[in-house]
Amino acid sequence: MTKQFAVIGNPIEQSRSPELHHAFAEKTGVDLNYQKRLAPLDGFESSMRSFFAKGGSGMNVTVPFKEQAFALCDVLTERAQIAKAVNTLWMENGKLHGDNTDGQGLVAAIQALEWNLENTTILILGAGGATRGVIYPLVQAGAKKIVIANRTLARAEQLVDDLKTAVPQAQLQAISLNDLEGDFDIVINATSASLSGDALQLPEKLKFKYAYEMAYGKPSSFLDQAKQRNVPYAEGFGMLVGQAIEAFSIWNNVRPQLKDFL
């Protein structure tokens, strides 16, 4: 019997999840159908519950419903609890389970690039939900210190305070985007600057070996500056594929290989 999956969001037209999951299915022999599902901004819960009531096997959640999905889950993975957002849902024994695979997607993408994560010092630009979701997996993968830089320093400080309890083994620090300096192994752009076209200027006194842009398929002043410095760089398509593979493997107990889809 064909398993039914979906990705839910608003907007949803831009999602590449169906093509990825159908490609994974073809590679692994899983019989599935995966659809885009547009939910009204005030209609996420009813749309999601209707999908599972009709026999849906699993659902991905995208903007702007990840925090709402988190709040509705009966059972959460540890990384979802820390992220306070859920992008992967499934029903098990009548209970709604939730996970957040974004951080693992980022880790898998970085590892596929053969950038070392062990004992690294990482700078993340931005202190929103995208950053919160990746801290724990980065630490699990070996990152030694993570510095979070944000335009509003108080927001970065709040995030660090929240995460210090959840991820006590990590060295976490908050700074202002105006105070970017020092040496880092990897800089990750998790700000919406690339999406909105706001140019984020990286000062000369900020040094880094690698640059990762979470967004993909759009012009990025962040990556332009990495190119000018001749620093190895990548955009977020690998992260997208990585998080999709993680969700696929949770639902289907088979894991496609990331390298086959990059």
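Each Cβ is built from the backbone N, Cα and C atoms, and glycine gets one as well.
The feature active site, proton acceptor is assigned by Swiss-Prot to Lys66. Look at Swiss-Prot and you will find Ser15, Arg16, Ser17, Thr62, Asn87, Asp102, Tyr216 tagged as shikimate binding site, backed by sequence analysis. Annotated NADP(+) binding site per Swiss-Prot: Glu78, Gly126, Ala127, Gly128, Gly129, Ala130, Asn150, Arg151, Thr152, Leu153, Ala154, Arg155, Met214, Gly236, in sequence order, evidence recorded as sequence analysis.
Maximum intra-site Cα distance, NADP(+) binding residues Glu78, Gly126, Ala127, Gly128, Gly129, Ala130, Asn150, Arg151, Thr152, Leu153, Ala154, Arg155, Met214, Gly236: 29 Å. You'll find the Cα of Glu78 (NADP(+) binding site) roughly 13 Å from the Cα of Asp102 (shikimate binding site). Within 10 Å of the C-beta atom of Gly129 (NADP(+) binding site) sit 19 other C-beta atoms, taking all shown protein chains into account.
Calculated from their C-alpha atoms, the gap between Asp102 (shikimate binding site) and Gly129 (NADP(+) binding site) amounts to 10 Å. Listed in sequence order, the residues of the same chain lying 6 or more apart from the residue listed as 'active site, proton acceptor' and placing their CB within less than 8 Å of its CB are Ala85, Val86, Asn87, Asn100, Gly129.
Residue pairs drawn from Ser15, Arg16, Ser17, Thr62, Asn87, Asp102, Tyr216, the listed shikimate binders, are separated by up to 18 Å at the Cα level. Of the candidate binding-site residues, Ala127, Ala154, Met214, the one lying closest to Ser15 (shikimate binding site) when CA atoms are compared is Met214. On a Cα basis, Thr62 (shikimate binding site) lies 15 Å away from Met214 (NADP(+) binding site).
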